[in-house]
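According to TrEMBL, the protein carries these features:
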COMPBIAS  15-29  compositional bias 'Low complexity'
COMPBIAS  64-73  compositional bias 'Low complexity'
COMPBIAS  75-84  compositional bias 'Acidic residues'
COMPBIAS  109-123  compositional bias 'Low complexity'
REGION    1-29  region 'Disordered'
REGION    43-123  region 'Disordered'
TRANSMEM  139-158  transmembrane segment
TRANSMEM  178-199  transmembrane segment
TRANSMEM  211-230  transmembrane segment
TRANSMEM  260-281  transmembrane segment
TRANSMEM  301-327  transmembrane segment
TRANSMEM  339-356  transmembrane segment
TRANSMEM  376-395  transmembrane segment
TRANSMEM  407-429  transmembrane segment
TRANSMEM  441-466  transmembrane segment
């Protein structure tokens, strides 16, 4: 909560609002937020804006929805605040005010003169689900991994198609030798869609199926965008002596007044257009909206099993087609061979990124009190993927055979391309930019780029300069 700053930043959204549910649901004095809301809660919320990995499944078992809580889970999801954040805020209220505010007299606490029901959000008065976790924990993990694999492969295929569509062979907009690198369109489109399905409508998709929400945001959009491919193209430019192009490639879309990357503008555009579309839907909503939505919800054991079965069939079909096409194309060493082998190794990259996301919002130190605002999981995934991609690029230069190029390029495209992400990076960047400390957004992105690029220069560019690979 920004009680002392009257300037309202543009492009502010509900989903990434830094105001907690306590501050937005109850009208509190300006002097209260300093006591009630700690910086740790704000730091953790912005670092968890993109993804929290399998911790979302743990929360389904540790805390279900309760009708007697002041705020519903749907409201918290729409505001970007999780159950753990709320519990910490409530504990912080009790802890921070115990030595300042004395308990009220008994006659003032027995009855409340305020219309409590009117303070509750509309969703709290609706019938809530009795059991949120309808699947055993093991089946939840399996279902989530299957959804991630399917959507991750689809995201990789979409990225390949966009490379071909905007590349030198068709539209001739992007190329390997310019600052308009091949992955630029997919990074922009993925960031734009992240604003829709990963920010504004994520809570609505979660009500239908949490696995679908994870599959779309982490699986599909996370694999459609790639940070390691972006970093490697800039390394290629630097290795060829095109340092100006490399720097401009990183800073593409930079403006004088608002220093935001082009992908960041894409997610802002996605958020704003999605909010406008939501407003239109709400105006046209009828009284039977709730009944229609309830028919789509995957909230029973049977519906979960049916959904998981369909995803298994789709996954088997994708892997079968990829393996069949790979056998036909592998010896030719074409880009199609790299695509199909990349699809076969895409799922482990998505899974690893999802598991690393559990580190987001955890911080460093014994109690996680240091750098809690840094999404450590996303940083590790992007830096590791960029470093491994640089190592494979060096291997291709040194070996220089068709088989090595096909296998290494497939791992770069599939495994490492799905391990790294730009859409999640931009979601976290946008959340930090709208927080009380907007400088953190630029520090976070700059650190990720600088570390990845520096390691890549050591692993890839230096051997090329020293050995003289062609």
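From the backbone N, Cα and C atoms, a Cβ is placed for every residue, glycine too.
In TrEMBL, annotation is done automatically, which means it is predicted and not curated.
By the Cβ criterion (under 8 Å, sequence separation of 6 or more), the transmembrane segment (376-395) is in contact with the transmembrane segment (441-466), since 3+ such pairs are found.
Residues 13, 15-16, 50, 155, 158-159, 162-163, 165-167, 205, 213, 216-217, 221, 224-226, 229-230, 233-234, 237, 245, 248-249, 252, 262-264, 266-274, 422-424, 426-427 of the same chain sit 6 or more residues outside the transmembrane segment (178-199) yet have a Cβ under 8 Å from a Cβ within it. Between the transmembrane segment (407-429) and the transmembrane segment (260-281), the number of CB pairs under 8 angstroms, six or more residues apart, is three or more, so the stretches are in contact. Remote same-chain partners of the transmembrane segment (339-356), defined as residues 6 or more beyond its termini with a Cβ less than 8 Å from a stretch Cβ, comprise 51, 53-54, 144-145, 148-149, 151-153, 155-157, 160, 214, 218-219, 222-223, 318-319, 321-323, 325-326, 329-330, 377-378, 380-381, 385, 406-407, 409-411, 413-421.
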